[in-house]
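Visitor: Got a structure for you, written out below as structure tokens; questions coming shortly.
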């Protein structure tokens, strides 16, 4: 046989060739470029809208005449009840004109002892609360002064007096932004599993229905073809996830909408990638095996719906329960079950407050499941992929040699 | 180095209760064109798929140069599956390079080989088009290119001529003959028996998963009967009745087709024909592969 050229193709070289083809054709496909760009634009747009909505202060108030003295107390009172109020010193006539034109939300007039406010038609409820609080404060200060006390000292004392809370089990202080990021993480991973998982099944059926699988299997082993496909599509999904997730977080940090620390943001991104990889790998093996059972694209739905239901169920549970109840016990337990972990765990991790052992256990369980899935799906795939025509029964695919 | 011979030795395959192949045995030597014929469902495709390792045999071995065939040796086979298989949405050139690389060629060699074969098969201008945009005939040419780009040392082609226009048939025949001349064993199946007869050195006829006849067309004919075609325009219908060892097979217009038994004398037939008037044609007709094939199939029905 010495005259034959050397045509050895290593196991991993074969997997690499198959994966390379997937990456090459998919990264250049219009569908990929459009969905990635559209999602990125959507996410960046969402950040900008958030910035626009939350940007600046709650209200801009003009101060004129004697009420200029109220400028600092107004800001302090507002911030003590969680509002930001911008102030501007104007003379009364100009201020009235600005209120009328909408440049100012309100104008404080008068001598500074009493709160007199001019608005265009109605006063914003939040602003009214702030001004009422300020009025109360002014009255209190007046009383204190009348009694011979120092209002500054009293308010300092009041500020220092707080109920001391001693929880038996310290609750995690969920940050509103992280809840939003958790939801976005959930949506991203759900979409990614859905889209890329189905791509795997469609890719398998494409090869089967076009019969090219017969040419391929004459040169490489079924497991190399299946693994190459999963790795290739997984890489494409990862690139997409990195572009979208990275772009979103970068946009959030750059516009200042995201005020969480950079390390938290990176932690969230890393966990997202880890769970995408684990979830995608586990689910796509199943999708590849089930896809091999059918020979027509329109039959894919029927075979991959059952496992897909778990992806959808996990996502729906997470997105409907977690935002209002991040510490939910049911979700906490399910997020460690391998079937649901890929969708629920990254959401919980992004929201924060997941004990290390829970995060670790979820990873360990999925990782432990993967060798079994590789074996099982490899068997189904090998037995079913060359049998075209009618749908191959799962039982037959498992039993055949 | 052992002889470059592809041997199918006692290969059997069942699908549940259906026996697809029963002890299928034949060999194709270096430089030989082997035609594989049989009715639909006789087992030709199954045999080829087993040779390619796409299907596993229940029993028997496929050998190449005396050694059981392995995945590595299979990479030397150029294969054309019965139902054509290419990625419809992939560009012709990229697809062929990919397939060549799966057969173990370096990217560089794969590119060169793809250029060479697309030129030769007349699809060079379509290298940057998606396969699905090509006409069926051109898709077939690409399919053949896919079987040839890795410079195979064995060719196994399932129905390579089906769906080809006459020009493409000539191109395909030329390529197969060239390959055989290079010393490559070539096996192909076909229902176009005239083509098989013209091209192949040896023919194997398959019936019900078994090889029932396997030899050169010449030798297969040897056992058969001799046919005479006589055209005697003025002869009455019964002119040949009563001639010793002669059976009248059919009348076609003024022609009479006769089957001669072993003891029959063709000169006696000629004299009898001349006795009726002028004879415009008197010829021995060699049995065509189609007739041989029909005989084999009718034996099956009789059995």
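Any Cβ shown, glycine's included, is placed from N, Cα and C.
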Visitor: With the ranges A:8-30, A:31-53 to choose from, which does TrEMBL describe as transmembrane segment?
Guide: A:31-53
Visitor: If you look at how TrEMBL annotates this chain, which of A:144-168, A:269-293 comes out as transmembrane segment?
Guide: A:269-293
Visitor: Do you know which of A:116-135, A:176-195 TrEMBL annotates as transmembrane segment?
Guide: A:176-195
Visitor: Sort out for me which stretch, of A:230-257, A:269-293, A:354-376, has the most Cβ pairs below 8 angstroms to the transmembrane segment (A:176-195).
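Guide: Of the candidates A:230-257, A:269-293, A:354-376, A:269-293 scores highest.
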